[in-house]
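Structure record follows, encoded as structure tokens.
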């Protein structure tokens, strides 16, 4: 199981839909227009088939206070942040720190996704890492943490996310 978490409106649902498209095309071809999405109320389970089936559990951003109750049986965590909204970074960082301290996630691999790099107002990844003090977080965390810049809307970086999921779930089986 892979858990997909992040604040409301960061693009989690679109990411899952785009990952399904990328995996079904083996990363080839234009993704076209982004499919319509609605804010997730509750949870969505989606299977991505890429060499093996990986189940992604997406939890709505409004469920933040109870995310930790869904951490059991989780091999990996995708944590999404909005690269175009600096006002949201501190709250996202607090949520991430809470998740990294959850005992059920001690063995999980973590991929922090900086989404919306297609927008003209996005912050550079180095600036975001500095603002949330990511080097300090990585140094103190039990988990293996990786980062990626993506655009779920345009498809930028999604092949890398899929490759990370494949490698992580192959290694953890």
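The count begins at 1 with the first shown residue.
Glycine is treated like the rest: Cβ placed from N, Cα and C.
Taken from TrEMBL, the feature GTP binding site applies to 6, 7, 8, 9, 10, 11, 12, 13, 61, 115, 116, 117, 118. The Cβ neighbour count for residue 116 (GTP binding site), using a 10 Å radius and every protein chain shown, is 24.
Listed in sequence order, 37, 38, 39, 40, 44, 58 are the same-chain residues six or more apart from residue 13 (Mg(2+) binding site) with CB atoms under 8 A from its CB. The feature Mg(2+) binding site is assigned by TrEMBL to 13, 40.
Shown are the binding-site residues 6, 61; the one with the most C-beta atoms within 10 angstroms of its own C-beta is 6. A count of other CB atoms within 10 A of each Cβ picks out 40 as the most crowded of the binding-site residues 8, 40.
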